[in-house]
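**Student:** Structure incoming, see below.
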Amino acid sequence: MQLEKELSRRKIKELLLEILSIYTPSGEEERAKDFFEKVSKEFNLNLEISKSKSYFLGKGDILLASHIDTVPGFIQPKIEGEVIYGRGAVDAKGPLIAMLLATYILNEKGYKVQFAALADEEGKSKGARELANSGIRYNYIIIGEPSNTLDVIVEYRGVLHLDILCRGNSQHSSSSKENLIVDLSKKILEIYREPSNYENFSIVPTIIKSGDYINMTPSEGYLHLDIRYSIKNSKDEILALIHNEFKTCDIKIVEDIEPVKVDVNSNIVKAVMRGIIKQGYKPKLARKAGTSDMNILKNIAKEIVTYGPGNSTLEHTNNEKISIDEIFIALTTYINAIEELCLKKK
């Protein structure tokens, strides 16, 4: 058993350093093709590459899914002791490697498990959307995102991204009676909802553009709103609030991702929790204020949950790092959980 652990840890180090050396920001996932072709041969798992440049290994009605893309900004991989640094070490190449090795080990044991390295999670989630529209269905899906190694994520908020275009009369600034910038500012203050607690929805302006001339009031103003809301909030009521304030403006929904909340008593949540407990650690249920591919893939699985190694506060930072211990705990958790789920099916 100790030998198996040491072999797994060496493989974690080898594969993670290799994948971190491949820069794969959203839209450039094809750079990882050689890596997955090599792993496919080494692990004897069939490789499929989708149109979105997502990578699938193996077949089965249980899916371990993480994402191969990262936010921009390459960080040269390095290792200090048992800690590995690099862009994506936490989000989400650390979880991805844990899932990749778990898929190999489980298939070697005779379990039919599929692995997915999805594209564009940091963008518009093209990989997850493609999979959701493919017609494929799974009994269980575990999403690999950093969850502090011991947290099991059962809830994510939803998101709305709105483009708003307002029009007014352009006048000389020395004698203007109308000012679209002032009007827009008043409207923003009326609808602004500062992020506070999880249950309360937030409405945050992130882009505002207006005006072309230093001595003329603008004829057009553009505003982008980022709205986050929980399962307890009404999307229709939020949109009604926006439409009521911007009655004369054009409003376009450019992204709409529903919130997700899973049953904490589901088989998959319990299996992941027990998978952690078996190693002598204490797991806890958690929820995240953002969104993930779990929001999109919830409808193609009978049961779904998010779990993975890594300190989530390090996501997207220039200090992304993860320990081999964290990845090994997650790897073991995936194996424990899926073995339990497969035994329940028999």
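Using N, Cα and C of the backbone, Cβ positions are placed for all residues, glycine too.
From a predicted model like this one, the values you see are computed outputs, not experimental measurements.
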**Student:** Look at the Zn(2+) 2 binding annotation in Swiss-Prot, where GLU122, HIS316 are given, and name the residue from ASP91, ASP151, ASP163 listed for that site too.
**Tutor:** ASP91
**Student:** Pick from GLU6, GLU14, GLU18, GLU145: which one does Swiss-Prot list with HIS67, ASP91 for the same Zn(2+) 1 site?
**Tutor:** GLU145
**Student:** Considering Cα atoms only, can you say which of HIS67, ASP69, ASP91, GLU121, GLU145 is the nearest neighbour of HIS316 (Zn(2+) 2 binding site) among these recorded positions?
**Tutor:** ASP91
**Student:** Please name which of the recorded positions listed here, ASP69, ASP91, GLU145, is nearest in space to GLU121 (active site, proton acceptor), Cα against Cα.
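**Tutor:** With Cα distances computed to GLU121 (active site, proton acceptor), the winner among ASP69, ASP91, GLU145 is ASP69.
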**Student:** Should any of the binding-site residues ASP91, GLU122, GLU145 have a Cα within 10 Å of the Cα of ASP69 (active site), which are they?
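**Tutor:** Of everything listed, what lies within 10 Å of ASP69 (active site) (Cα to Cα) is ASP91, GLU122.
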**Student:** Rounded to the nearest Å, what's the C-alpha distance separating ASP91 (Zn(2+) 1 binding site) and GLU122 (Zn(2+) 2 binding site)? Just drop the number here, would you?
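**Tutor:** ASP91 (Zn(2+) 1 binding site) to GLU122 (Zn(2+) 2 binding site), Cα-Cα distance: 10 Å.
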**Student:** Other than ASP91, GLU122, HIS316, which residues of the same chain sit close to Zn(2+) 2? List them in sequence order, counting a residue when its Cβ is within 8 Å of the Cβ centroid of the site.
**Tutor:** THR70, VAL71, GLY88, ALA92, GLU315
**Student:** Whole-number answer please: how many Å between the C-alpha atoms of GLU145 (Zn(2+) 1 binding site) and GLU122 (Zn(2+) 2 binding site)?
**Tutor:** 12
